[in-house]
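> In case it helps, Swiss-Prot gives these features for our protein:
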DOMAIN    9-259  domain 'Pyruvate carboxyltransferase'
BINDING   R17, D18, S171, H198, Y289  substrate binding site
SITE      R17  site 'Transition state stabilizer'
BINDING   D18, H198, H200  Mn(2+) binding site
ACT_SITE  H21  active site, proton acceptor
Amino acid sequence: MRRNSERPVRITEVCLRDGSHVMKHQFTEEQVRSVTRTLDEAGMHYIEVSHGDGLGGSTLQYGKSLVNEMKLIEAAVDECKQAKVAVLLIPGIGTIHELKQAANIGAKLVRVATHVTEADVSAQHIQFARELGMEVCGFLMMAHSASVEKLVEQAKLMESYGAEAVYVTDSAGALLPHEVRERIRALRQSLNIEIGFHGHNNLSVAVANTITAIEEGATRIDGSVRCLGAGAGNAQTEVLLAVLDRMGYKLDIDLYKMMDVAEEGVAPLLPVPQEIQKGSLVMGYAGVYSSFLLHAERAAQRFNVDARDILIELGKRKVVGGQEDMILDVAAELAKIKMEV
């Protein structure tokens with residue numbers, strides 16, 4: 001529980017959803033069961049399971065899942081004795097049909113995610129989730145790309161629709177600690193609901209940003225074991241827990257067990273070590289959606305251009321989640337320019 005706070009700090013473990021990007025959406029049912037079981041035994045509060053781009057994301061554009069996400073959600077629910085299973089839903093990708101399916105299977109929390117300036121498209125989904133009896137949070141993605149005033153305006157919309165919390169979502173891993181501080185502080189002063197923070201580690205400040213968010217009043221935070229998440233991953237859960245414990249925050253999650261999950265359960269699944277490589281670093285620097293990395297690397301190979309140039313150009317164009325088709329367009333344009341030089 002947070003020191004001197006009326007509300008506990010709760011963590012959502014996102015390695016089985018955000019980490020799906022790294023796994024190219026190829027999680028097996030047994031992998032989900034094994035990781036969920038050990039996370040639950042460690043005392044994790046929420047475990048998010050779905051396609052990397054949320055419910056309904058298994059498409060040619062976003063990447064086809066190996067196993068139907070509903071089977072993975074059902075497997076996670078089956079393994080949880082105390083943790084709650086969460087799902088992500090992006091309106092326009094997922095629908096209330098998939099949301100109802102997930103709720104019937106046993107998912108208890110949904111985070112309804114929109115671009116930071118498009119909260120108005122979340123109304124139906126937030127309201128429907130409340131009708132289903134689910135916990136529901138708003139998830140304002142690419143939070144670095146809007147002013148603090150715009151962020152507050154959009155968060156208030158989500159609050160008015162019935163969201164029980166609103167997250168500052170640093171999808172690009174572009175925010176610095178002082179920018180997190182001013183955003184969380186502004187929301188804390190403007191809303192009557194909980195505030196959350198979801199970070200990415202592309203600039204190596206995800207843990208620092210999360211600590212800053214908590215200091216400013218955020219009570220819902222995200223982490224990914226062994227940094228298994230898009231780009232350079234999220235705040236590394238086991239590291240975050242160790243830091244919070246040193247600071248006097250008691251979350252009732254077993255730190256040793258979380259270390260074991262990371263080393264024995266998740267590390268063997270990683271296609272490559274999760275570290276800040278040039279692609280993820282450029283995403284944080286340019287402010288590009290973290291799940292674009294693998295798409296950009298594939299496009300770079302196909303068109304014989306530098307993935308960094310693709311990402312920088314995408315940042316200049318201020319592309320948002322859902323515009324993955326722009327990656328190929330940019331790569332083709334760069335290849336044409338290269339041939340003309």
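All positions are counted from 1 along the displayed chain.
Cβ atoms are placed via backbone N, Cα and C, with glycine included.
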> Between Y289 (substrate binding site) and H200 (Mn(2+) binding site), how far is it from one CA atom to the other, in Å?
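Cα-Cα, rounded: 10 Å.
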> So what's the average pLDDT for the domain 'Pyruvate carboxyltransferase' (9-259)?
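That stretch averages a pLDDT of 98.
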> Identify, in sequence order, the residues in the chain of S171 (substrate binding site) that are 6 or more apart from it along the sequence and have a CB within less than 8 Å of its CB; answer 'none' if there are none.
M141, M142, A143, H198, H200, Y289, S290, S291, G321
> Please work out the number of neighbouring Cβ atoms within 10 Å of the Cβ of Y289 (substrate binding site), leaving out its own Cβ.
28
> Count, for each of the recorded positions R17, H21, H198, the other C-beta atoms lying within 10 angstroms of its own C-beta, and report the residue with the smallest count.
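Counting other Cβ atoms within 10 Å of each of the recorded positions R17, H21, H198, the minimum falls on H21.
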> So for H200 (Mn(2+) binding site), how many other CB atoms are inside 10 Å of its CB?
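So the Cβ neighbour count for H200 (Mn(2+) binding site) comes to 32.
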> Tell me the Cβ contacts of D18 (substrate binding site) under 8 Å, same chain only and six or more apart in sequence, or just say none.
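Looking at Cβ-Cβ distances below 8 Å from D18 (substrate binding site), excluding near sequence neighbours, one finds E48, G52, D222, S224, L228, G229, A230, G233, N234.
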